[in-house]
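The next block holds one structure in the form of structure tokens; read it before the comments.
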Amino acid sequence: MRRKNLTEVTEFVFLGFSRFHKHHITLFVVFLILYTLTVAGNAIIMTIICIDRHLHTPMYFFLSMLASSKTVYTLFIIPQMLSSFVTQTQPISLAGCTTQTFFFVTLAINNCFLLTVMGYDHYMAICNPLRYRVITSKKVCVQLVCGAFSIGLAMAAVQVTSIFTLPFCHTVVGHFFCDILPVMKLSCINTTINEIINFVVRLFVILVPMGLVFISYVLIISTVLKIASAEGWKKTFATCAFHLTVVIVHYGCASIAYLMPKSENSIEQDLLLSVT
């Protein structure tokens, strides 16, 4: 009988925001507007950087890569979420769920390390301005971007393999897309080893880049404190303010959603953090 149950699970259904069924239309409109603004904003950033030759610098190159990565990242999540408001029981195949998880994890980790690369770029621009152009050559920039993406691919392969080799007995995913932990909960067997593997991966992809960014800003601050002119302070603040804001929001939400014990997080909180 158990074998029969294992072979029957070929697709999943998302629980999504079914708890808020009375507000489906409102949520659909709100998230559609936010999604449109996000995609449009990233498209504008990439277009301006591409057209304006004055912006063909390492800092804006990394920014354009982050914008493109975030755009593709949302394509794997938000349309699925929006469709769940319209068709509440829309299923996804096991293969489709695997594919969605792989690309979601790849791009999420890629974003983490791209932010780290941007922190390194700011460090070099402020702390080593004379050597900045030499060290951050076009070749080095491409290698850093490829390195971030490669780490994302490798970590995604580990996580997806550890999850989708499990036998599944349940079909309702407690999320609006195929995230690692909600899918793992559908397994029929003990997943302790898989949970340990994925927790170690999460620690690596969140704490390591966050730590590197922290070190970069400690070095930046120590350099800025030596600057006597107000103009130098303004230039440094203008360079780092946007990146630091994104870093705080990104790593803050990621840490709460993926590092805190699940007993301390409500389902609604996890859903909203995932959207962020």
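Here the Cβ of each residue, glycine as well, is placed from N, Cα and C on the backbone.
Look at the topological domains in Swiss-Prot: PHE12 and LYS226 end up on opposite sides of the membrane.
Most Cβ pairs under 8 Å to the transmembrane segment (55-75), among the stretches 26-46, 100-120, 197-216, 237-257, belong to 100-120. Across the topological domain 'Extracellular' (161-196), the DSSP tally of helix, strand and coil residues reads 14 helix, 4 strand, 18 coil. Contact counts against the transmembrane segment (237-257), taken as Cβ pairs under 8 Å, peak for 100-120 among the stretches 26-46, 100-120, 140-160, 197-216.
Between the transmembrane segment (197-216) and the transmembrane segment (100-120), the number of CB pairs under 8 angstroms, six or more residues apart, is three or more, so the stretches are in contact. Outside the transmembrane segment (140-160), and at least 6 residues removed from its termini, the chain residues within Cβ reach (under 8 Å) are 58, 61-62, 65, 98, 101-103, 105-110, 113-114, 116-117, 120, 180, 197-198, 201, 204-205. Listed as Cβ neighbours of the topological domain 'Cytoplasmic' (47-54) (distance under 8 Å, sequence separation of 6 or more from its ends, same chain) are residues 60-61, 63-64.
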